[in-house]
Amino acid sequence: MSQLLTARQAEELHKAMIAYLLSANLPKSAAALREELADSVQLDDSTAKKYEGLLEKKWTSVVRLQKKIMDLESRNNALQSELDSATPTSLARRNQDPVSWLPHAPARHILQSHREPVTCVGFHPVFSSLASGSDDTTIKIWDWELGELERTIKGHTKAVLDVDYGGPRGGTLLASCSSDLTIKLWDPSDGYKNIRTLPGHDHSVSAVRFIPSGAAGSPLSGNLLVSASRDKTLRIWDVTTGYCVKTLRGHVDWVRDVVASPDGRFLFSAGNDQVARLWDVSSGETKSTFLGHEHAVECVAFAPPTSYPHLAALAGLKKAPPSSSSAEYVATGSRDKSIRIWDARGTLIKTLIGHDNWVRALAFHPGGKYLLSVSDDKTLRCWDLTQECKCVRTVKDAHGHFISCIRWAPNIIKDAGVVNGDDTSTAASANGGALGASAINGVVPTGKKEDPGGGPMMGIRCVIATGSVDLKVRVFAS
């Protein structure tokens, strides 16, 4: 008898082995084992039924435990490597200062439910809800804190290409766009009911973004939405009426991406024509064009005011633009594998080289010091704007396939009652009169009474999400 097992354990194992052989239709082998064990195991047919499947369960349990051990060892090695390369001073500073936080492996959560590639992700401005869209035509709503799927939204008939939360104050909506040529608006406060469908584009709608309130003093402030399409146009919509209020023309090929400036005054777009354009929302005119990429431009981003001092220094300026100004610096990512940083006039400041495949999405760190990028090379890269845009961290194999998107959770403004244009008092009343823990999880105060622009103190949520052709969404969080 094995010294590793007690007599009782050995008997249970033998019964499970015989039951397995019988269930596998191997009666001769089962009989041979019974004969070999002689009288040490009493197992009639009725008792054998109780042991069916037991061996398989134990086997799969062992496999799961082995996988858990390997995952924990991998996580431990990654953390140990990070610890070994850090000094006590840098560790203390990182623990205290969210401005220096960067994502690292392993991800906090791996969210799996989509049946085809994940194309887009978007964070709710207040609560711990994360939306993801996919080629499988669905939108899925996750709780990124718990790593759980909350619901699946169906309505589009082709691939969902982008999602974004925003809208009027106190009335956050989710917008989605699709290859089915439509944009749809969903109400999170009413079970994500589809409240409006916006037709009008003549081809796939590639990107959709809410325009923050205060767009050039427009009476429609807070109600505007912009979309980009393969039909070569941008369209601005009034979400309360569903009407297209403006069509912007200038691109001569598929418009891949569009974003709005933080104050809603400007739009930045780019596409297959290898050109990026800065637009004035109120006039609908192109303010600047950005030329230099050698392939389609996949993604664009506005630099936050917190990055102005670093980018001004990079541009050789002695004084940074005021943080109250809008759209001073922008970034573009391209299929030519490069990232380019520009000023608002279209002057190239810096070209970032390092990715080995198409650059698919960009996100500036809200603290202003870093730019994050993801690529078809399966990596997530962090570029330090204070070190000549040096790549200071690479999360290798962040996904198992091409990475299609990245979003940083929006900041929470601590004392203004407004969260990125959303009235938190409404959200609080819907949650029993006060913001629950999930509404503020992941928030780390900056430690400053005011932001650089003189506004209210903001809390940086050290949370990002990425999506991939590997069908998964990954959440990286502090």
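Our numbering is plain: 1 for the first residue shown, then up by one each step along the chain.
Here the Cβ of each residue, glycine as well, is placed from N, Cα and C on the backbone.
Residues or ranges marked as domain 'LisH' in Swiss-Prot (evidence: sequence analysis): 9-41. Taken from Swiss-Prot, the feature coiled coil covers 60-87, and the record attributes it to sequence analysis. Here Swiss-Prot flags 113-154 as repeat 'WD 1'. The feature repeat 'WD 2' is assigned by Swiss-Prot to 156-196. If you look up Swiss-Prot, you'll see 200-247 marked as repeat 'WD 3'. Residues annotated as repeat 'WD 4' in Swiss-Prot: 250-289. The annotation repeat 'WD 5' is assigned in Swiss-Prot to 292-352. Among the features that Swiss-Prot reports, repeat 'WD 6' is placed at 354-393. Annotated repeat 'WD 7' per Swiss-Prot: 398-439, in sequence order. Look at Swiss-Prot and you will find 440-477 tagged as repeat 'WD 8'.
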Within-chain partners of the repeat 'WD 6' (354-393) [C-beta distance under 8 Å, separation at least 6 from its ends]: 98-104, 298-311, 313-314, 331-335, 337-339, 341, 399-408, 411, 446, 458, 460, 464, 466, 468
For the repeat 'WD 2' (156-196), the mean pLDDT of the predicted model: 95
Close approaches to the repeat 'WD 2' (156-196) from elsewhere in its chain (Cβ under 8 angstroms; 6 or more beyond its ends): 116, 119-126, 129, 131-139, 141, 202-213, 222-223, 225, 227, 237, 239-240, 242, 418, 420-423, 425-427, 430
Number of helical, extended and coil residues in the repeat 'WD 2' (156-196), per DSSP: 3 helix, 22 strand, 16 coil
Helix, strand and coil residues within the repeat 'WD 1' (113-154) as assigned by DSSP: 0 helix, 25 strand, 17 coil
